[in-house]
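Copied over from Swiss-Prot:
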BINDING   CYS22, CYS25, HIS26, MET88  heme c binding site
Amino acid sequence: ASFSEAPPGNPKAGEKIFKTKCAQCHTVEKGAGHKQGPNLNGLFGRQSGTTAGYSYSAANKNKAVVWEENTLYDYLLNPXKYIPGTKMVFPGLXKPQERADLIAYLKEATA
């Protein structure tokens, strides 16, 4: 199923998901710097593997996907399947509602 078929995302619920499942490796604030994973500020409309100052896997650079709702929705289901060879060890979010919520949060928090 694609993002267009996903339930409406709730940014508040998405923030909770981010804090419990993503924040140990990612920051969203402008200028917050990188952790184990890259800072996600300015994520929407950016090509994978291009955040300045972060050392990406060749897989992330070579995928050359532009991050937006549809690509994030597919990626967050199973990151290692979407970008084989990615350094991101996160297993993914199986529930469409959780992915929609996280994307709604990221759209606000990374802008």
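In case you wondered, yes, glycine gets a Cβ from its N, Cα and C as well.
Annotation for MET88 (heme c binding site): same-chain Cβ neighbours under 8 Å, separated by at least 6 residues, are CYS25, GLY37, PRO79, UNK80. Remark: of the binding-site residues CYS22, CYS25, the most isolated position is CYS25 (fewest other Cβ atoms within 10 Å of its Cβ). In the structure as shown, the Cβ atom of HIS26 (heme c binding site) sits within 10 Å of 22 other Cβ atoms.
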